[in-house]
Amino acid sequence: MELNKYSSRLTQVRSQVGSRAMLYATGLKEEDFDKPQIGIASMGWDGNPCNMHLNELAELVKNGVVDASMIGYVFHTIGVSDGISMGTTGMKYSLQSRDIIADSIETVAAAQWYDGVIALPGCDKNMPGSVMAMARLNRPSIMVYGGTIRPGNFHSNKLDIVSAFEAWGQYVTKKIDEDELDDVLKHACPGAGACGGMYTANTMASAIETIGLSLPYSSSIPATSDDKREECVRAGAAMKTLLEKELTPDKILTRKAFENAITVVIALGGSTNAVLHLLAMAHSAGVELDIDDFQRFSDKTPFLADLKPSGKFVMEDLYDVGGVPAVQKLLLKEGFLHGDCLTVTGKTMEENLEELPGLKEGQTIISPVSEPIKKTGHLSILYGNLAEEGAVAKITGKEGTHFKGTARVFNSEEESLQGISDGKVQSGDVVIIRYEGPKGGPGMREMLSVTSAIMGAGLGNDVALITDGRFSGGTHGFVVGHITPEAQTGGLIALVEDGDTVSIDAVENRIEVDISDAEIARRRKNWNPPAYKAKRGALFKYIRNVSSASQGCVTDA
Ligand SMILES: CC(C)(O)[C@@H](O)C(=O)O
Ligand SMILES: [Mg+2]
């Protein structure tokens, strides 16, 4: 069988003289022209711990590709560091970077006729962006996750990036001083790797490994470990198998595989961003999935993992007790997963797991299914007059299931942070942060600075926060995001005023503001949508193209 189905369009067609001349210049010899060509998409760049080691890993991937008698071409795409841009207008570029990554990998691989793609992503948006491109291209593909960061150690406390955000809340409320704050910042991120708790990067890597597009353990192997380097080299041989079996993403990205991913995200207590990203990945793959599917699986999947942000442990700890495959093995045994889904090993999930160990005896990170942290999932899809097209809540149970309070309205993240510093937010308030939606923000910033300030200020159990923006995987507390329709497009969230009563019911899955129809009509008459915040450039294009949060914020609908 010919493995160079795509690249042969350049290498085997006599008239493609320009192609052949230029390929000679890249170092190919005559005997290389019938080898498959693999595009290696590195999201490496120096300025972000999640990504700063990826170019080096890409060279290891290339070695593995060459060892398997194929040609490897490393190319690059962009990234945004959520951790670095958080709390600033820079974060408006974060979500759209997912679609730029997808577009750029699709562009290079399609234009250059690569026979397969191996992607090396690190930070949050890199993983879904890579998979969206793989689905669109539908050529054999493997994602090698850049890996999780190790925890920082300080006075025998395990620190991570969220420790830094929460330290700020402690500092402004005078619980720690300047020196203690500095110590946290200096120790929070000890090297390369994506944020260490079950935050968005580790959530998406776990979801994608479960879907079957990464080799087993990819999501839990730490970034700086020898195991990660070894995984990179192994990807070449795995790619060869995929080419031989013609195992394309459409055979892996099935409805059942997405159901498995949702189940694992819920068992692990993963980021609310998984809702957006899995919807977008399903859209690229042509798989039917909607936000209500998340409720269906949340209703029947137990929340098991004592991982940060709501728990104690980090991804490296999970790796030490068996990693994501051991969690899959438990869930498969208990009947929560479809074992017959194909993966990039060329085998099914069940076949992969047969050869792999289960959770280590005596471990305390993953609860048994009979004694979960919470019987049902932490993700809820809420509806009501405040979210006629849906909203996503993260309720781990520690915060309770109902909240009724007084609206404290802010028209941006900055306003809300100022409000908290000024002591405007008090126990019993429902903090509303609006005009932060996909079009209004634009770009649905993550409200991690705000939720961490609330936590750090000790208000975590006493206030709720709702927004048409989104949350970091590091956010915990009583929070509802992705409110759709967003304020910018006239959702009722735009008409709420200070002092209104808002109720959130995470049992009945409702989110309502108590205003009469007559009052709503009166307020609506006086409301005009504010001007878009971008008038040209990338964010303007984003505003024009982006779909709602309930549709995954895709830009090609
Ligand atoms: C900075 C974080 C924690 O990585 C965040 O961006 C997330 O979404 O989890
Ligand atoms: Mg993020």
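A Cβ is built for glycine as well, from the same backbone N, Cα and C atoms used for every other residue.
So that you can see what the record holds, here are the features copied from TrEMBL:
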ACT_SITE  Ser472  active site, proton acceptor
BINDING   Cys50  [2Fe-2S] cluster binding site
BINDING   Asp82, Asp124, Lys125, Glu446  Mg(2+) binding site
DOMAIN    35-352  domain 'Dihydroxy-acid/6-phosphogluconate dehydratase N-terminal'
DOMAIN    365-553  domain 'Dihydroxy-acid/6-phosphogluconate dehydratase C-terminal'
MOD_RES   Lys125  N6-carboxylysine
Coarse DSSP state, helix versus strand versus coil, of Asp82 (Mg(2+) binding site): helix
Cα distance (Å, whole number) from Cys50 ([2Fe-2S] cluster binding site) to Glu446 (Mg(2+) binding site): 17
Neighbourhood of ligand 2 - binding-site residues from Cys50, Asp124, Lys125 with Cβ under 6 Å: Asp124
Of Cys50, Asp82, Lys125, i.e. the binding-site residues, those within 10 Å of the residue listed as 'active site, proton acceptor' when Cα atoms are compared: Asp82
C-beta crowding around Lys125 (Mg(2+) binding site), within 10 angstroms: 30
Cβ neighbours within the same chain of Asp82 (Mg(2+) binding site) - under 8 Å, at least six residues apart: Met91, Ser94, Cys123, Asp124, Lys125, Thr200, Glu446, Leu448, Ser472
Which same-chain residues, if any, lie at least 6 apart from the residue listed as '[2Fe-2S] cluster binding site' yet have Cβ under 8 Å of it: Gly79, Ser81, Gly83, Gly122, Cys123, Asn126, Gly146, Ile149, Ala192, Gly193, Ala194, Cys195, Ala201
Candidates near ligand 1 among the recorded positions Cys50, Asp82, Lys125, Ser472, judged by a Cβ under 6 angstroms: Asp82, Ser472
Per DSSP, three-state class assigned to the residue listed as 'active site, proton acceptor': coil
Cβ atoms near the residue listed as 'active site, proton acceptor' (within 10 Å, other residues, all chains): 28
Output field, Mg(2+) shell: CB within 8 Å of site CB centroid, site Asp82, Asp124, Lys125, Glu446 dropped: Val80, Met91, Ser94, Leu95, Cys123, Thr200, Ala201, Asn273, Ser472
Mean of the pLDDT scores, which run from 0 to 100, over the domain 'Dihydroxy-acid/6-phosphogluconate dehydratase N-terminal' (35-352): 97
